[in-house]
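> Pasting the relevant annotations from Swiss-Prot:
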- 63-171: domain 'MTTase N-terminal' (DOMAIN)
- Cys72, Cys108, Cys137: [4Fe-4S] cluster 1 binding site (BINDING)
- 199-430: domain 'Radical SAM core' (DOMAIN)
- Cys213, Cys217, Cys220: [4Fe-4S] cluster 2 binding site (BINDING)
- 430-492: domain 'TRAM' (DOMAIN)
- Thr498: phosphothreonine (MOD_RES)
- 553-570: transmembrane segment (TRANSMEM)
Amino acid sequence: MPSASCDVLLDDIEDIISQEDSKPQDRQFSRKHVFPKVRRRNTQKYLQEEPRPPSDSTIPGIQKIWIRTWGCSHNNSDGEYMAGQLAAYGYKITENASDADLWLLNSCTVKNPAEDHFRNSIKKAQEENKKVVLAGCVPQAQPRQDYLKGLSIIGVQQIDRVVEVVEETIKGHSVRLLGQKKDNGKRLGGARLDLPKIRKNPLIEIISINTGCLNACTYCKTKHARGNLASYPIDELVERAKQSFQEGVCEIWLTSEDTGAYGRDIGTDLPTLLWKLVEVIPEGAMLRLGMTNPPYILEHLEEMAKILNHPRVYAFLHIPVQSASDSVLMDMKREYCVADFKRVVDFLKEKVPGITIATDIICGFPGETDQDFQETVKLVEEYKFPSLFINQFYPRPGTPAAKAEQVPAHVKKQRTKDLSRVFHSYNPYDHKIGERQQVLVTEESFDSKFYVAHNRFYEQVLVPKNPAFMGKMVEVDIYESGKHFLKGQPVSETRVYTPSISKPLAKGEVSGLTKEFRNRLGNHPNGTSDTCPATQHGSAYSRMVLQMSQYDCALKVATGLALLALLLHFWPDSLLTM
């Protein structure tokens, strides 16, 4: 663990001084007039205590790093960016936690269980004597929690400085970068979109179009971490999408805390962005739109319906309702009523036939009565949502909802079970059997028995494992359905179709290593040169050469002192007393 602890929130790492450094008065003390005192019995000490070359564990840039991410797509994108930067600087990203020298734990603050897993991982890392760097919404929102003391933290808007934090942590320092990025006093969306990254799936690019939101939901802790809305400019988002397609990506996910609010802070809106993006989506690729709250999409229903009907945009939208009780929604400060939600869903179902609407529901929010809950049950029974995320309410520290009178735990648990039972009482895909569909194959199933594809409505379709299908559009006949999936058999005369998509990067390969970025690395004291691949430890090697040269110098000094001691040892005492 770090040898120095620091709970001060810093703007720059340069302000850190390790406990191993000399004290100021020691550094200023001059020894030029001091003659070494000779002790004959300790003559061999000079030879025995020679300086040693630095060990691999303290030379930044050559260690193995394990990255664990919890939470939403936005958080996963942040994790991919941090992995890419670390790999570009010479670190080895490993999937083996026990083999790693440092753990980078990227947290989620939405639910208590996610934070519990995060806390347990910190404890395990400490037990295994791993270096630790913390990231994500938990330490950003509450950096002074007891279990975070003495640990390095990288803020959600500072992920472009992850290399600095990791390097200092490896040296034994505890550093924290939690500030917001601003330009002329205006808050920026966060780190640059053109940073290198390692995609968890080389075929899928996750693009955060904005950070933060405009709401103040009484149960939400994420707002404490991500802050108010800050949108990325359209041209930067379009450029990132184009670069992704050039690297073989065939599916783009747009994500944020609320995609529907995009652009309100920079004088634009979500439909304007989407129309620009569909212009650059190649044939054979698809775009998936992330979560949007009802109030903001209400203003753009006509345009959104047109976009969701586009052949290269999934007819899918995630619209959280949270409760079907207006009184509960008011207590949540959700800024809409149930009628608004129904209006959005009904309009899109009419204008975008077959559209998939996913939603979220919280069971047992403070003040929720049995009647309130029954209203929510009726909503699920009416719309039969094919994708429903049911969450038992957990009070998050520091939120208004945590201070309210709580629904008894056993009641919350029972309501969660009851709603889950309603959800599992219907199968939304039975009517799809016998259909012929075009699907995009992007990954392997968890049990490794199938490839996972998605149809036009972002419904999961399992297909046979044929390597020729991966990353391609394939035509299949649907022959089976389950609660969360369909199964498709490729049509015998089908042709694999993706003529306009480049060959994807290999798994674990760093994306975004443009010439401009390589030049920036070359100018950085710890960077990789333009001619050195990211997989080589160029920066680490140069630092090791420097430290070894310092070691050689120290060795020469020690040898000189030892010879001087020997000379004085055999020198006649009479000459010393003259």
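Numbering starts at 1 and runs along the chain as displayed.
Backbone N, Cα and C define each Cβ position, glycine as well.
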> Which ones in the same chain are close to Cys137 ([4Fe-4S] cluster 1 binding site), with CB under 8 Å and 6+ residues apart in sequence?
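Spatial neighbours, sequence-distant, of Cys137 ([4Fe-4S] cluster 1 binding site): Gly71, Asn75, Ser107, Cys108, Thr109, Val110, Val156, Lys221, Thr222, His224, Ala225, Arg226.
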> Return only the integer: C-alpha distance in Å from Cys213 ([4Fe-4S] cluster 2 binding site) to Cys72 ([4Fe-4S] cluster 1 binding site).
15
> If one looks at the chain holding Cys217 ([4Fe-4S] cluster 2 binding site), which residues at least 6 apart in sequence have a CB under 8 angstroms from its CB?
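Within the chain, Cys217 ([4Fe-4S] cluster 2 binding site) has Cβ neighbours under 8 Å at Lys223, Met332, Lys333, Arg334.
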> Where does Cys137 ([4Fe-4S] cluster 1 binding site) sit in the DSSP three-state scheme?
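SS state of Cys137 ([4Fe-4S] cluster 1 binding site) = helix.
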> Determine which residues of the same chain, besides Cys72, Cys108, Cys137, have their CB within 8 A of the center of the CB atoms at the recorded [4Fe-4S] cluster 1 site, and list them by sequence.
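In sequence order, the nearby non-listed residues are Trp70, Gly71, His74, Asn75, Ser107, Thr109, Val110, Ala114, Gly136, Thr222, Ala225.
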> In which DSSP state, out of helix, strand and coil, do we find Cys213 ([4Fe-4S] cluster 2 binding site)?
strand
